[in-house]
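Below is one structure, written out as structure tokens; comments come after it.
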Amino acid sequence: MVETRTPNLDFLGSNPARGHEQHREVQLTPGEVLTVRLRVFFGVITCCILPTVSTLVALLLYAIVIMSEQDRSQDCHGGVRVYLVFAVFVIFYTPNHRYFKKRILHYSRERDGANRPVSVLVADRIFQCMFVMYIFMGFGLMSASDGCDDKLWSSVNAVIIAQSVLVGLLLLPLFCVPCIFIYLLRSGVGVGVRNVPVPQGLSKSAAEAIPLIDYSAMLFNDTTYPADCPICFEPFSSSTPINLTTCNHVFHRECLGTWVQKNRQFF
């Protein structure tokens with residue numbers, strides 16, 4: 001008597017197909033792809049911001065040490081001393097601005113919402129004006145170095161360059177918003193809408209189904225229809241098939257067939 005055994009499939013669980021599903025490639029939706037890309041983008045910016053802030057603080061402290069060793073009677077022209085003191089205030093106050101609004105002005109975004117009280121609104125506007133003044137004051141000092149110690153002036157210029165790089169990094173996401181918006185439109189991602197990939201062009205059979213029109217010199221004379229194909233800019237003739245779209249545009253069949261299969265277009 002021959003004994004038969006059933007293979008042990010416990011490692012696959014109750015469903016043998018589960019083992020194959022574990023090896024199946026994970027397909028991300030356009031929204032998930034966008035989230036991953038934004039995380040990488042902001043992660044790279046953060047990796048650039050942190051060393052820039054550290055460098056700016058170190059250069060600022062170094063410039064203050066040099067300034068403290070300089071004789072006041074030989075102080076720099078252009079208010080370098082005022083700029084450095086102002087820079088210290090801005091650098092160390094900026095991270096605590098939200099804490100100031102919460103503790104001193106008793107502002108809570110969860111409680112008050114987007115409608116900020118007048119006191120908070122005034123504090124925000126004053127802080128923004130001071131920050132802009134700090135930036136432009138630094139640019140102005142770069143062209144006013146009369147009577148200043150070279151070592152001090154070099155350190156001040158380094159501070160100004162570092163803060164310019166920092167401001168550029170902070171503004172970079174703002175300039176990328178249009179690119180993100182265009183990506184959302186092209187990928188069909190919307191709030192509360194199912195993420196369905198948008199077809200990138202027509203199939204070959206759909207392109208071949210576009211109706212044809214016979215060539216006539218009386219029609220293709222830049223009055224009823226253009227004399228040249230808008231894609232290849234070659235003149236129409238009776239020897240080449242001509243497509244007529246539902247929006248009343250004409251193209252060489254070969255040109256239109258190649259183009260609509262590579263581009264998203266609606267007829």
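Note: Cβ is positioned from N, Cα and C throughout, glycine not excepted.
What TrEMBL lists as region 'Disordered' is 1-20.
Residues of the same chain lying 6 or more positions beyond the ends of the transmembrane segment (40-66) and with a Cβ under 8 Å from any Cβ of it are 84, 87-88, 91, 149, 151-152, 155-156, 158-159, 162-163, 165-166, 169-170, 172-173, 176. According to TrEMBL, the transmembrane segment annotation covers 40-66 (among others).
The annotation transmembrane segment is assigned in TrEMBL to 78-96 (among others).
What TrEMBL lists as transmembrane segment is 117-140 (among others).
Taken from TrEMBL, the feature transmembrane segment covers 160-185 (among others). Residues 34, 38, 41-42, 45, 48-49, 52-53, 55-56, 59, 87, 134-135, 138-139, 141-142 of the same chain sit 6 or more residues outside the transmembrane segment (160-185) yet have a Cβ under 8 Å from a Cβ within it.
Summarising the annotation, TrEMBL assigns domain 'RING-type' to 229-259. With DSSP states grouped into helix (H, G, I), strand (E, B) and coil, the domain 'RING-type' (229-259) comes out at 7 helix, 7 strand, 17 coil.
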